[in-house]
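> Right, I'll just put the structure down here and ask away after.
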């Protein structure tokens, strides 16, 4: 087939040689910035201890039986936010300070914590006092996102993920229409520009808008980068190459923990995180377009130039020229073009093509469900881990670190067992772990922590695997769109995840129950997906629909009569 011949040329000159190594590491380095921006709000939106401010100078402060000369002396002794702080002012007034209200005692007797007399209630019209022991400044303290404005702080991560959702679809589609190279250029520059711009926003609403744009370009880069490296490396190296894009994303999470530990002012913290993007922005213009996309757009001379550059860098010769493949294509067009079956090769594709027939539609539904479940489980386990106690910076670092071995296991499993046969057991095991956590006594803290880490490990394998699996399940003409739409469902899961965690107030195990049900359903439906291990990338929807249907596909071979023009769709697809 035409796709097989194209894959053959790429296999001959690719793998992980000098040229592919340059393209690969340049691309995945930027994926680290995606991990950074995705998790940056973990420390940027921290809500420290706070109480209402008071209208005067403090003379003495009391909390239970402990006292001090300033409120800063009391923060370390303030163990519960449900308690109030008693302050005695230089003008003789005594106030009780709560988080969202304050009371003035009518009788100023001896300074005691308990008071049974009359009090006058006031709102926090003078602002708030914050504990700056850990963070000198966060966006919460910058714009007083507490009490009746607390919901604004809770919307920061969901609105960012909404931008990720929209960016995944938009840039995935643009990459199929305009090329991977241009999207990588634009989104890389966008991450740097918008990342720096976030640090200089002047109010909450401008902060959210700029972060929304940052989310769109970050998501767009990550989606297209997976397709980009997948189309450049050969079949043998594709598993490890695409999976380790996730590893660099996890490194970005660990960088957030490190920078958060070292820098405690939110806008300086944001600038330091954004600077990591700069080296790639300076060199990304040298990255070439992928031959697969160029051939799908019938830009044969440009494709030949890229293939020749790859061969020269890797010091190999190409087995045949693109012109020879073109002649095969033209022969097919002359024999196969009839009446209504003639569809222009220049037809642009949209998301409806992912439902063009029942085999592809069923595949899309299952893939979307796995994307949603992976993201939901990933963030539910991550958000739950912040309650493990201890050092929050170390906790986040370990959350990122635990992903690294999961990707190694996923790579080994995908190469030895196959994509589908690795995905199914880890989805089912994550469902089982969710159930087991419900039966662990709450005072067994270490066991609970280990179980949650095991759940994060299992869902991490599935979450990392689905990117490559999706790219291999769909043809070149809609590959970026398929990965982009899958990432859209993934971000729907990430938007839902925080609200899912809020259901702990209904029942402490409700989030785990929901994740377990979704993982079980996804694992069962994945059984119907075809295996793609060792198969050449498909170029048309006909090839994709027949993937895994018969024994010919098992060996990566297809029948001659199924030759279809590279990048062409047909209106009547056999079911």
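From the backbone N, Cα and C atoms, a Cβ is placed for every residue, glycine too.
These figures come from a predicted structure and were not determined experimentally.
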> With the ranges 422-440, 536-554, 555-573 to choose from, which does TrEMBL describe as transmembrane segment?
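My reading of TrEMBL: the transmembrane segment range is 422-440.
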> May I ask you to indicate which of 21-40, 41-60 is given in TrEMBL as transmembrane segment?
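So the range that TrEMBL calls transmembrane segment is 21-40.
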> Report, as numbers and ranges, which residues of the same chain sit near the transmembrane segment (208-229): CB under 8 Å and 6 or more residues beyond its ends.
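Contacts of the transmembrane segment (208-229) (Cβ under 8 Å, skipping residues fewer than 6 from its ends): 23-24, 27-28, 30-31, 33-34, 37-38, 41, 155-156, 159-168, 170-172, 174-175, 180, 183-184, 186-188, 190-191, 194-195, 197-198, 201, 241-242, 245, 249, 290, 467-468, 471, 479-480, 483-484, 487, 491.
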> Give me the mean pLDDT over the domain 'Major facilitator superfamily (MFS) profile' (76-534), rounded to a whole number.
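On average, pLDDT over the domain 'Major facilitator superfamily (MFS) profile' (76-534) sits at 81.
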> Who are the long-range neighbours of the transmembrane segment (393-410) in its own chain, taking Cβ under 8 Å and residues 6 or more past its ends?
35, 39, 42, 243-244, 246-247, 250-254, 256-258, 260-261, 382, 385-386, 422, 426, 453, 456-458, 460-461, 464-465
